[in-house]
């Protein structure tokens, strides 16, 4: 850094400003030592490769988990995951955003394990003010255990979009105008856990975890929250006078991505709460009646 400054004569004040802006908008390099804390599971959660890789493990004694050091109020956040291979029945790998308190907000990816040869189920949900029950579930169009794939959440004041490898799979719009709560007031941390849920995760709990296959391992890499608003001391980094509003803060789905969304929902969606008439005999939630 010293030789660079000497040769280019960049003013020190400018360097400090650039450093501050980068810090406030999140880490773009995705170093797990810098960005996350292990919160559960002791040695079962391991950061490897100089912070570029994180493994969560589950055995019969315990699962494991981590959380982000930062809280965020809106963002476009990416993580690459490789899920538990082989017979993963009974296991759940959860990757989600969540706020604190009894009236919490939450945006969920949950990966429900299955018997070898059967597909994972990707379970999504949105909570606002402690109320969820907005589930959609999908089969993925690839084997999520064979390699890393990117799972992304775009969360801005107008909508939440779930992406898999850059393709949108679900959009949840802000419909506060018709009385549907939307998570836009509470900062959230990023969490991920690997745990045993064989009372419900696989075929409603009919298939139990085979502990002879333990330890089960899920892997993480390439975290990116450079396009996110960090919540610091009661304020958002995106409210700073140094920033003009970033494009993602008002991002919508263009026609190409709307086509991709429709394709996934037509071909890979296996459950949608908005079509479950048995669950809502008195009528569907109001957002289900909106186009």
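Glycine is no exception: its Cβ is also placed from the backbone N, Cα and C atoms.
Where the annotation comes from TrEMBL, it is an automatic prediction and has not been curated.
A quick note: this is a predicted structure, and the numbers were derived from the prediction, not measured.
Taken from TrEMBL, the feature active site, nucleophile covers 106. According to TrEMBL, the active site, proton donor annotation covers 110. Annotation comment: TrEMBL describes 26-220 as domain 'GH16'. If you look up TrEMBL, you'll see 114 marked as N-linked glycosylation site. Annotation source TrEMBL lists signal peptide at 1-30.
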Inter-residue Cα distance where the pair is residue 114 (N-linked glycosylation site) and residue 106 (active site, nucleophile), in Å: 25
Spatial neighbours, same chain, of the residue listed as 'active site, proton donor' - Cβ under 8 Å, 6+ residues apart: 92, 93, 94, 95, 96, 122, 123, 124, 125
Other CB atoms, at most 10 A from the CB of the residue listed as 'N-linked glycosylation site': 20
Cβ neighbour count within 10 Å of the residue listed as 'active site, nucleophile': 18
